[in-house]
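Per TrEMBL, the feature domain 'Cytochrome b/b6 N-terminal region profile' maps to 1-184. The domain 'Cytochrome b/b6 C-terminal region profile' feature in TrEMBL is assigned to 184-310. What TrEMBL lists as transmembrane segment is 7-33, 67-86, 92-112, 153-174, 194-215, 262-278, 284-309.
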Amino acid sequence: CPLQINFFWNLGFLLGVAIILQIITGIFLALHYTSDLNSAYSSLFFLIREVYYGWCLRYFHSSGASFVFLFLFLHLGRAIFYGSYFYNPNTWFSGILLLFFLMAIAFMGYVLPFGQMSFWGATVITNLLSPFPSLVEWVCGGYCVHSPSLKRFFLFHFQLPFLLCGFAVLHLFYLHFLSSNNPLRNSTNNKIPFFPFIFLKDFFGLILILCLYFLQTHFGVSSLSHPDNALEACALLTPLHIVPEWYFLCQYAMLKAVPNKNAGFIILLTSIFALIFFGEIRNLTTLCLLPLVNNGFSVSFFISIFLSFL
């Protein structure tokens with residue numbers, strides 16, 4: 001691996017560890033979950049109260065989603081800042097595809113507890129598909145979020161992570177086939193062996209992420225989600241303010257800013273897939289503007305999160 005890489009190059013490893021932990025805890029949670037409208041909420045609280053250390057599994061998994069997206073955004077920011085898309089466009093394309101899969105998986109997982117915020121969040125997002133009525137009926141099993149919708153979301157939320165692992169292998173293949181870039185943004189044959197130096201950095205990162213997981217699970221904020229999601233879903237009672245998880249606030253702000261539903265949906269998809277065009281940059285002089293571009297992305301991202309609360 002390149003000699004000059006720093007700790008930002010460990011974020012991909014931490015992201016992979018977080019995804020693997022999510023898959024492992026998700027398998028155990030699926031053993032106790034019931035994907036039925038009348039039983040989903042009660043099965044979750046039965047897991048928390050009656051199953052031995054079930055509360056730990058539940059909050060480990062729900063808090064783990066925040067860690068996954070935290071490492072994902074840092075990993076993506078590092079790639080933009082250091083111009084990884086210029087040196088490894090195939091790795092960049094596969095990474096954006098992984099981003100889309102992760103967002104879809106996280107959304108479907110957010111619906112499964114079937115609390116107030118989960119139900120109304122699913123209603124808002126599925127209503128974006130209303131220009132295609134047949135698609136809404138196929139996704140939801142009807143014209144609204146109901147028991148068939150919950151079964152579909154549970155099925156896809158359980159199966160898609162394994163497909164995600166396949167794309168992650170493709171992502172790693174392109175990375176190791178073309179090698180990684182470095183903070184100096186130059187191509188060099190000055191390499192060092194992966195073991196023991198980089199391995200030890202990854203190991204320390206693994207210890208750090210496990211400590212953060214257990215601190216958040218045992219002493220942290222409950223699920224890092226909205227308190228209304230602890231209430232059972234009621235189709236007759238709308239929350240005062242629909243707030244998704246923090247990692248969706250940027251896209252949610254775009255939906256709120258556009259009065260037209262179809263245009264908002266297009267802008268929502270564009271905010272993700274526009275990153276693909278970064279891989280088409282072939283001009284070295286553009287790299288001089290990378291710090292400015294990265295700062296602009298960061299500022300707009302945090303402003304969007306702030307505006308989504310208003």
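Positions of Cβ are set from backbone N, Cα and C atoms, glycine also.
Below 8 angstroms of C-beta separation, residues 1, 40, 43-44, 46-47, 51, 54, 57-58, 60-61, 64-65, 67-68, 71-72, 74-75, 78, 82, 102, 109, 112, 154, 157-158, 161-162, 164-165, 168, 180, 183, 201-202, 205-206, 208-209, 213 of the same chain, each at least six residues beyond the ends of the transmembrane segment (7-33), sit close to that stretch. For the domain 'Cytochrome b/b6 N-terminal region profile' (1-184), the mean pLDDT of the prediction comes to 88. For the transmembrane segment (262-278), the most Cβ-contacting stretch among 92-112, 153-174, 194-215 is 92-112 (pairs under 8 Å).
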